[in-house]
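Undergrad: Quick one: this structure, given as structure tokens, is what I'll be asking you about.
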Amino acid sequence: MRASQENEDFNLKETTPTLGGGRVTANDRLGTAFDLVEQMHYFYVRVVKAKELPLKKDGNDSGNPHPFVEVQLGNLKGLTLHVEDSSSPEWNQVFVVLKDRIQSRILEVFLKDKSRIGDSDDGLIGRVVFEINEVPKRVPPDSPLAPQWYWLENRKGEKVKGELMLAVWIGTQADEAFQEASHLDATAVNGDGVANVKSKVYLSPRLWYLRVNVIEAQELQLGNKNRQQPEIYVRITLGNVILRTKISLSKNVCPSWNEDLMFVVAEPFEDQLVLSVEDKVAPNKDELLGKCIIPLQDVEKRVGFSTPIGKWYSLEKEVVSEDGNNKVSKLNSKIHLRLSLDGGYHVLDELTHYSSDLKATSKELWKPSIGVLELGILNAQGLSPMKNRDGRGITDPYCVAKYGQKWIRTRTIINSFNPKWNEQYTWEVFDPCIVITIGVFDNCHLQGADKNDKSRDSKIGKVRIRLSTLETDRVYTHSYPLILLTPAGVKKMGEIQLAVRFSCSSLFNMLAMYSQPLLPTLHYLHPLTYYQIDNLRHQATQIVATRLSRAEPPLRREVVGYMLDVGSNMWSIRRSKANYVRIAGILTGLIAFCKWFNGICTWKNPFATVPVHIIFFQFVCFPRLILSTIFVVVFLIGTWNYRMRPRKPPHMDIKLSQAERVPWNELDEEFDTLPTSRNNDIVRMRYDRLRSIGSRMQAVAGDLANQGERFYNLLSWRDPRATAIFLVFCLVASVVLYVTPLKVVVTLVGFYTMRHPRFREKHPSVPLSFFRRLPAKTDSLL
């Protein structure tokens, strides 16, 4: 594994593709549509309708035909739907094929009768033939080419009864017919799988936080009227999510809770809120005291945090009648609730640091857009085979991009390791400090998916691009490595070439966003707990995955989960190491400064130490220069660093992710299920390892706590002698500082700190020794 990693290039590469008909450099801006993708020419055939078709004359099977159209271009073929029993059928279907893949000089359009398939003439009614060289070209924004009626002829070229309306032209992927067209080179795809090949745009549902404030209940009817202290709680069910309140402290038939429960719901509101009041009569037995069903359409929507109106809801209960049938009986019991849809929050369905949308749910709180993000998905190179077909490895790749509520899916390129999509998409930008995610997947549903089909679209890799790292109005064309972490280790699955441009409509509005809170104000005025955020995010991802999987064609659950980083917050030693390295990198500058200052104090380089002494003395004499000098130095450093500014967007870094050399047992643990599916010996080994890591973290946390407690114990009299010594020192220091000019004190302290090594001793200083002798609370720990 390590040898293969050393041979693979995981770096980002800058490219210079031919975009929009001309080569684009870093600072070019083209003003034409689809200017971020390479222009590709396609051959279009629109089959509209037919008329005056001849009746069948086959004895008992006479009447209107069951016509369909077959478009044939060399070895490429496409079929329309067949129309039952019609002499004037309509299809209005478009077929398309890349011009470079045409290997024939003629286009043949056959009109056939499905009921006659199997005869010697294959059910042919008639055909229309076109010369490829005579097909006109169309360049948007020209109007669509008008279809025309063509007479049908037989295979001998003789005119037969019937006419077929067609339109044939050559255009680019900018043609409005491209999105709904069926590709002739996807000949292996049929049935419902055709929809899985086309490119689509999806909108994720608008999510709301539903707050259920359970206040109290009245006049509950217990099954056992002699029960003195009932343990009553409320169970709330919304779809597949079940939450429950705590057991009421009021041990009577009028319990109270005043507890908030939070759910995530999506528009349109299809589910109903089911509340059931239950009594825990035994450890594994609960008695239903009543329930009510509340439609979500009746719940109040609020933008701020105003108190919603409380309402009493009557409880119902199913009872068995004398004839043995169940019927609903209304009770005198009631429950008091406050329900609200909180639109002032942003419903988090992504990790906050990977979020692509931070707007509040309510559109009333949305601010104007600050710019436009344009993404050109060009091509991929060197993709790995993801499945086997006919004894050989193949890949049917497609891309998915997610930004805000808008998801896009490119068309699937059949059986290609080097696919070319050249599709361009646009998003409105409301905040520059968010991320667009682009993922590449292998389509495993080209033949349609029945209800028992358990195949899953395989992930190939993904790319994240933070908009704030992009310069405005610059076209970024780079080839990003597609990196996938598998149980066998990290692997490069190929490369994807993208063109990205972030255009700003108002520089002032964009700069003003940097002074605004990252999340809507309600997150700070009435914050949610970490447990609530984690639980609600899980609900939100499940809702989004369910809704998008019900689209046609579906955007499948595994795709949505991978794009939303579901499960990425699970425990991983690799991620813990990566975070440790990041923290060490942050402290590198501070450590380097401490080492430099230690070198100054120990006179390792007298040529640097003497100027520092001179500068220090000037600061003592002129203290007003300290802050201004610091800011000037920071300005000069930042200006100097402009020359070394990053020229490429950030990308997946296997070294930073600590994925370069990961032990197999750590990877196996990271890919393990929850709860674990491994045997007891492996779990015991992992538990012992986790204990050893936890002990080191525990020691570090204990050391930090000790230092803080010692600082507070300077004045707590926990050690009377130490506190007395410190107070005497403070008294003497106050007198000395009063009679001695501050400049003299600072000068003496500074020069003493930077004194020559011959005046130093190797043992710890007196203040440090005194501080280390102070007590901490470790003596009280068991």
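Glycine is no exception: its Cβ is also placed from the backbone N, Cα and C atoms.
Note that TrEMBL annotation is computational and uncurated.
Take a look at what TrEMBL says about it:
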- 1-24: region 'Disordered' (REGION)
- 24-150: domain 'C2' (DOMAIN)
- 191-313: domain 'C2' (DOMAIN)
- 354-480: domain 'C2' (DOMAIN)
- 580-598: transmembrane segment (TRANSMEM)
- 610-638: transmembrane segment (TRANSMEM)
- 724-752: transmembrane segment (TRANSMEM)
Undergrad: If you average the pLDDT over the domain 'C2' (191-313), what number do you get?
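TA: That region's mean pLDDT is 88.
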Undergrad: For the domain 'C2' (354-480), DSSP counts of helix, strand and coil?
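TA: Its residues divide into 7 helix, 62 strand, 58 coil.
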Undergrad: For a three-state summary based on DSSP, what are the helix, strand and coil counts in the domain 'C2' (24-150)?
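TA: Within the domain 'C2' (24-150) the tally stands at 9 helix, 57 strand, 61 coil.
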